[in-house]
Amino acid sequence: MSTKDFIEKDYYKVLGVPKDATEAEIKKAYRKLAREFHPDANKGNAKAEERFKEISEANDILGDTKKRKEYDEARTLFGNGGFRPGPGAQGGSFNFDLGDLFGGGAQQGGGAGGGFGGGIGDVFGGLFNRGGAGPGTGTRTQPRRGQDIESEVTLSFTEAVDGATVPLRMSSQAPCKACSGTGDANGTPRVCPTCVGTGQVARGSGGGFSLTDPCPDCKGRGLIAENPCEICKGSGRAKSSRTMQVRIPAGVSDSQRIRLRGKGAPGERGGPAGDLYVVVHVDAHPVFGRKGDNLTVTVPVTFAEAALGGEVKVPTLGGPAVTLKLPPGTPNGRTMRARGKGAVRKDGTRGDLLVTVEVTVPKDVSGKARDALEAYREATAGEDPRAELFQAAKGA
């Protein structure tokens, strides 16, 4: 990406969020758009794939507090076509320390080229040159970090609670195997004469500064392939697919995003690999539910068990049943707790199993059961469970 594109691209607009959006709002917007335009959900749709890349790029900047700050400050300074010196500024003089802004000191070399180190340099790729220096100044193209990759995986309810190792197939740009990443079929590219191997050319912007863009002749690589590789068309990068075993930790929740450092696309020119982000989807369970670190289950009990009390066996997820004691007069909907039978927490301990009692009413009653219920009704004929209800209704 050119520095001009970086400054002029409105990442807030890409994600559809305001400039004062919170981290949570940015994350929510990104997840919604990423799911909508993910390549797996839009196979063969080139526009959706390009949109997904744009969304991921915006999230990479706005989702990182430091990068977002640098991006906002750079847009403020250069969003209107470049920095304009204040009254009294002459030539290449500059009375504002950009090094303070970008996390590195400004290097001055009498207008013969230079730059800013650290901080935003990783994002801008050497944004500034002093004094409008021409092509060939600066350092040779630096190693470039590989792209981040996002993938999705669907787990069963039990796998999400206990953790699982799953195969994950990913596609990304990697050094072309046919030409060993050189872009040249013979493996011997030559140094680009336009940028003298830097991969960048300078253009004036006024105020004694010049901005750098990727060299149009070598596409920012610093090298030109005399004999372009047929596989990568001289770019040195080709699409590569690989399958790796990914360990999903215990206790993950639905829609959780897991970051695996260094497992993304390989870097360029010896640069580090990007990161892999795995979005986890969890299937529903026919019996158990989940509330945070706790699991939930509804257990039916008879009228007699609820009224008289007793012991009830309760199933657990992947383990032996536990026995809970019902106190006499247990109402329908009461929730009890089986400690340590829930989901795994980050510290390795487990949450609880929340057991909700559901008093069942038989549809067909006959024989001794009917006689017993008739006797119970006669014995409690003087009791009115709705008396307090009507009393409260009158007093309201």
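Quick reminder: no glycine exception, Cβ is built from N, Cα and C everywhere.
Owing to the predicted nature of the structure, the values given are computational and were not obtained by experimental measurement.
Sequence annotations record features per position, and here Swiss-Prot assigns Zn(2+) 1 binding site to Cys176, Cys179, Cys229, Cys232 based on sequence analysis. Here Swiss-Prot flags Cys192, Cys195, Cys215, Cys218 as Zn(2+) 2 binding site, drawing on sequence analysis. The annotation domain 'J' is assigned in Swiss-Prot to 10-75. Per Swiss-Prot, the feature region 'Disordered' maps to 127-149. Taken from Swiss-Prot, the feature repeat 'CXXCXGXG motif' covers 176-183, 192-199, 215-222, 229-236. The zinc finger annotation in Swiss-Prot covers 163-241.
Taking the mean position of the Cβ atoms of Cys176, Cys179, Cys229, Cys232 as the Zn(2+) 1 site, the remaining same-chain residues with a Cβ inside 8 Å of that point are Lys177, Ala178, Ser180, Gly181, Thr182, Gly183, Asp184, Ala185, Pro228, Glu230, Ile231, Lys233, Gly234, Ser235, Gly236, Arg237, Ala238. Highest Cβ contact count with the repeat 'CXXCXGXG motif' (229-236) among the listed stretches 176-183, 192-199, 215-222 falls to 176-183 (criterion: pairs under 8 Å). Here the CA atom of Cys218 (Zn(2+) 2 binding site) lies 16 Å from the CA atom of Cys179 (Zn(2+) 1 binding site). In terms of DSSP helix, strand and coil, the domain 'J' (10-75) has 51 helix, 0 strand, 15 coil.
There are 22 other CB atoms within 10 A of the CB of Cys176 (Zn(2+) 1 binding site), with all protein chains counted. Mean pLDDT, taken over the repeat 'CXXCXGXG motif' (215-222), works out to 83 on the 0 to 100 scale. Mapped onto DSSP helix, strand and coil, the repeat 'CXXCXGXG motif' (229-236) counts 0 helix, 0 strand, 8 coil.
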